[in-house]
Amino acid sequence: MRLEGKVCLITGAASGIGKATTLLFAQEGATVIAGDISKENLDSLVKEAEGLPGKVDPYVLNVTDRDQIKEVVEKVVQKYGRIDVLVNNAGITRDALLVRMKEEDWDAVINVNLKGVFNVTQMVVPYMIKQRNGSIVNVSSVVGIYGNPGQTNYAASKAGVIGMTKTWAKELAGRNIRVNAVAPGFIETPMTEKLPEKARETALSRIPLGRFGKPEEVAQVILFLASDESSYVTGQVIGIDGGLVI
């Protein structure tokens, strides 16, 4: 098993890409600290993970609440002694064209998608530094690379995640901590289910492979970056988009 003995913290762990990653990590023997804002979704996740080789340990976690993050991270380290892998996956959308976007919608997306990644990473990294080992995987988006009309806030947040990924890769390499990002395209998740049919058709027409991706396909790449198989990979942004950005 590729993550046997590893303690892995995943945010946004109870739906979409986060859920698929949590279940895959548990299948690969990890102890998964599943952080999510929804207790109901966490309860469902734990039931689904029953019988897997690893373990799912759920925590209600809001990535905008620094006090709560600190408390959860301290509890995890006290209980398990370490955090080997961090997957920053929690994210939201509040779409609108630039001239119609409300300031509160800008703030909400930036606070979760960008500052939330900063918040959790800043709390976890000191323990990885003490261990002199760790892998951080940030979930960005192809929208952070090429932009998308109606997603000023989302594009800015995901571009910022890429910038932080590359900066942290340089800062932390000397402590044997690797930092990478994935940039999913259109993936079948609760977030993309909200797309109008016309928008879905337009998106599909731009994807060379002719379909939306599955959360499990993103999870497989996150697993590679989290595992020792990618021990010489850091500062990279891996597109998982069916050829969208070719």
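Positions of Cβ are set from backbone N, Cα and C atoms, glycine also.
Non-local neighbourhood of TYR154 (active site, proton acceptor): THR93, ARG94, ASP95, VAL109, ASN113, SER141, VAL143, ASN148, each in the same chain, at least six residues away, with C-beta under 8 Å from its C-beta. Classification of TYR154 (active site, proton acceptor) by DSSP places it within a helix. For TYR154, the entry in Swiss-Prot reads active site, proton acceptor, with the evidence type sequence analysis.
The NADP(+) binding site annotation in Swiss-Prot covers ASN62, VAL63, ASN89, TYR154, ALA155, ALA156, SER157, LYS158, ILE187.
DSSP assigns SER141 (substrate binding site) to coil in the three-state reduction, placing it in neither a helix nor a strand. Annotated substrate binding site per Swiss-Prot: SER141, in sequence order, evidence recorded as similarity to another entry.
Its own atom aside, the Cβ of ALA155 (NADP(+) binding site) has 20 Cβ atoms within 10 angstroms in the protein chains shown.
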